[in-house]
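Peer 1: Got a structure for you, written out below as structure tokens; questions coming shortly.
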Amino acid sequence: MMLVCPGCAQPRLLQAHVTTGQCPTMSRPQTPEQVLDNSRDYPPCKTDEDVGEGIQCSHRMLSFSDALLSIIATVMILPVTHTKISPEQFDKSIQKLLATRIAVYLMTFLIVTVAWAAHTRLFQVVGKIDDTLALLNLACMMTITFLPYTFSLMVTFPDVPLGIFLFCMCVIAIGAVQALIVGYAFHFPHLLSPQIRCSAHGTRYWRHILCLVLQGPALCLAAAIFSLFFIPVSYLLMAMVVFLPYVSKAVGWCKDRLVGHVEPPAHQVEFFTFDLHEPLSKERVEAFSDGVYAIVATLLILDICEDNVPDPKDVTERFGGSLVAALGASGPRFLAYFGSFATVGLLWFAHHSLFLHVRKATRAMGLLNTLALAFVGGLPLAYQQTSAFARQPHDELERVRVSCAIIFLASIFQFAVWTSALLQPVDTLQPAVRFGGAEHALMFAKLALYPCASLVAFVATCLLGGFSTAIFHAMQVATPFAFLLLRLLLRLALAVLRGLQGLAWPVPPAPGPTGEPDMQSGLLSAPC
């Protein structure tokens with residue numbers, strides 16, 4: 001029988017592979033770059049035989065799941081942004097209410113991303129799907145779409161346990177469906193990835209993965225019980241859902257220091273571990289991140305459409321029937337929109353530039369990326385804070401400081417993703433952005449621009465009494481030009497340094513792999 005071998009991607013006799021036990025192509029030595037390039041996040045396209053057996057490629061289902069999860073995680077900022085606050089109302093009690101809602105939003109955003117990460121890791125174990133698995137995944141997605149409603153109940157009635165109870169029940173239901181997916185896939189091993197399917201320890205893997213899948217729902221079950229009589233403990237247990245893997249890793253590190261390091265068993269699976277360097281699907285990380293950025297940008301224009309379309313009666317009575325004059329009155333809001341969109345777009349641009357050079361995403365990078373996305377999801381709140389009071393200077397600087405803080409946290413966690421990748425540069429980064437690489441300095445400048453700019457704007461609100469929302473939004477609109485100017489100045493500075501280096505040390509360039517001089521090596525290499 002002729003099959004397509006996953007190692008050599010060529011039709012070969014099945015008997016030949018069974019006899020040798022491995023693919024001849026896969027048995028050849030591979031460089032680290034080839035190993036990384038050969039690791040696919042999605043299974044290869046299905047064959048005619050797979051179609052006849054009802055087996056499907058999971059690529060489209062995973063794309064749908066990533067889009068839906070990114071939407072659900074992001075729209076939970078809406079109950080916070082739609083908090084009705086007038087300038088005269090902005091006292092300490094309202095500030096405390098808003099801070100509480102932001103904290104609850106961050107926690108629930110992280111819990112949704114934990115569900116997304118579990119889904120990602122689960123379908124690194126499950127290689128292919130059939131109709132039953134597709135329907136089980138839809139049941140999981142349906143439960144996830146109910147989370148924003150339960151979150152709205154939580155922030156609207158923070159002292160009533162029903163909202164927390166329903167939220168925890170949704171998380172438990174998500175875990176139950178994912179456990180069914182695990183059980184079904186292991187019951188039909190042809191759906192599993194080759195690493196699991198060909199292993200002699202399938203039962204042990206099944207128990208290990210099922211245990212980890214059910215840890216979050218178990219904590220939420222305890223949180224639901226505690227919500228009936230002591231709500232603060234419920235929030236603590238829900239936070240443990242997010243940070244349990246990292247707490248477990250810290251406990252393991254302390255145990256190794258006290259009793260010595262214990263080597264893991266030879267049959268340990270690569271996925272579903274507490275290892276912070278466990279690989280995540282880079283493509284799915286990018287898809288989820290792109291979804292969050294796209295939804296945030298969409299929420300901004302929805303606010304414009306909702307609040308800035310003039311009422312015909314007002315146009316007639318207040319502006320003498322002039323639509324231009326009516327739109328001119330909303331000019332500060334349009335400036336706020338363009339400034340906020342520029343911020344979202346350039347944060348995405350920096351994220352894109354970083355992941356363009358990422359070879360493999362680890363769990364530590366995934367956590368930092370999630371924290372960055374959580375604050376990116378808060379940018380509609382920053383827009384609401386500055387645009388709603390653009391024509392009312394009461395507490396204007398406080399709103400600008402809130403916006404600066406959100407932008408700073410979103411960008412500094414993005415910078416931290418790159419810093420985390422630099423700890424394992426050979427595995428996680430392309431050579432160009434490693435220490436001494438041709439693009440290292442430019443990547444540093446791109447990722448450091450927004451933390452520095454937001455910090456400067458925050459300090460300006462403290463030192464300059466004339467600082468206003470209009471100046472802040474004008475700075476946001478001008479930032480894209482700062483990106484272009486930064487690249488130009490950096491290229492010019494590197495060219496000058498290359499010239500000075502050539503005058504001081506006229507050493508011929510090192511030979512490249514082919515024996516020719518390598519003009520692209522080092523920090524001061526010529527631009528592409």
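Along the chain as shown, the residues are counted starting at 1.
Including glycine, each Cβ sits where the backbone N, Cα and C put it.
TrEMBL lists these features:
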- 23-37: compositional bias 'Polar residues' (COMPBIAS)
- 23-42: region 'Disordered' (REGION)
- 102-123: transmembrane segment (TRANSMEM)
- 135-157: transmembrane segment (TRANSMEM)
- 163-188: transmembrane segment (TRANSMEM)
- 209-237: transmembrane segment (TRANSMEM)
- 334-355: transmembrane segment (TRANSMEM)
- 367-385: transmembrane segment (TRANSMEM)
- 405-426: transmembrane segment (TRANSMEM)
- 447-472: transmembrane segment (TRANSMEM)
- 478-497: transmembrane segment (TRANSMEM)
Peer 1: Does the transmembrane segment (209-237) make contact with the transmembrane segment (163-188) through 3 or more Cβ pairs under 8 Å, each pair 6 or more apart in sequence?
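Peer 2: Between the transmembrane segment (163-188) and the transmembrane segment (209-237), which are separate recorded stretches, there is contact, as judged by 3 or more close Cβ pairs.
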Peer 1: Can you say which of 163-188, 405-426, 447-472 has the most Cβ pairs under 8 Å with the transmembrane segment (367-385)?
Peer 2: 405-426
Peer 1: Can you name the far-off residues of the same chain, 6+ from the ends of the transmembrane segment (135-157), with a Cβ under 8 Å from a Cβ of it?
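Peer 2: For the transmembrane segment (135-157), the nonlocal Cβ contacts are 61, 64-65, 68-69, 72, 75-76, 78-80, 100-101, 104-105, 108, 112, 115, 119, 129, 163-164, 166-167, 170, 173-174, 177-178, 180-181, 184.
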Peer 1: Using a Cβ cut-off under 8 Å, which residues of the same chain at least 6 positions beyond either end of the transmembrane segment (163-188) come close to it?
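Peer 2: 108, 111, 115, 118-119, 122, 125-126, 130, 132-133, 136-137, 139-140, 143-144, 146-147, 150-157, 202, 205-206, 209-210, 213-214, 216-217, 220-221, 223-224, 227-228, 231, 234-235, 238, 241.
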